[in-house]
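Comments concern the structure below.
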Amino acid sequence: MRKPIIAGNWKMNKVSKEALDLVNQIKDEVHKTEVEVVVCCPFTVLSQVQKALVGTNLKLGAQNMHWEEDGAYTGEISANMLKDIGVEYVILGHSERRQYFNETDETVNKKVKKAIKENLKPIVCIGESLEEREANQTFDVIKKQLLGAFEGVPAEAMDNVVLAYEPIWAIGTGKTASSEEAQTVIAYIRSLIEEKYGVDISEEVRIQYGGSVKASNATEIMNETDIDGALVGGASLKAEEFLGIINF
């Protein structure tokens, strides 16, 4: 039985006071121990949020990291830096990173390997654009991204990996893949994992859906067989809405 995982991706939002206000509104309301809940904050508030999460059911996540240990990489953050302040999860390969910061399957692969090596749990994002979907290329794109991200990653490393299917056309647009559409693609992702790593691992790896998830559609999405959670964007910035998703 795969434990559902709901991760809130705050993106570039919330200064210190706002971050703590939001965490304080939700931390005592997360009682469902059968659901794992992660808040993925901007780097600037991670340390403060970590302190606020002590003794709660919430886990701490970051939104990105570099694949090198340290060095002359101005503006970057390493896995060790994240571990040092208590980060457990890290989002890698988000479509906005690919779109605006030229991330590729190759750089995502380097980050995945480094995260695993440093015992961080990567939430690895894959998904197609509207143009690719309309050209019936969804499965081709998904396969390329998934195999690229996990090139050279051994089977035993998959225990702590989470995948997130985030169709780019549904991110921040208000459009949402129907639960059936999401299930179809996520079932395909699971079949790719089975091909690469075998049936046991494919049945254990958790796969989230991300793309305009909100309280009103969370239950329908989460009821699908292969969907094990949600990577939540805008709705995670509002306590009531995020709690509505967590308590689907």
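Cβ from N, Cα, C; glycine included.
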Residue among G55, G152, G172 sharing the substrate site, where Swiss-Prot lists N9, W10, K11, S212, G233, G234 as binders: G172
Number of other Cβ atoms within 10 Å of the Cβ of N9 (substrate binding site) across all protein chains: 26
Shell list (substrate; ref centroid = CB of N9, W10, K11, G172, S212, G233, G234; cutoff 8 A): I171, V232, A235, S236, L237
Conformational class of E166 (active site, proton acceptor) under the three-state DSSP mapping: coil
Spatial separation of E166 (active site, proton acceptor) from G172 (substrate binding site) - C-alpha basis, Å: 11
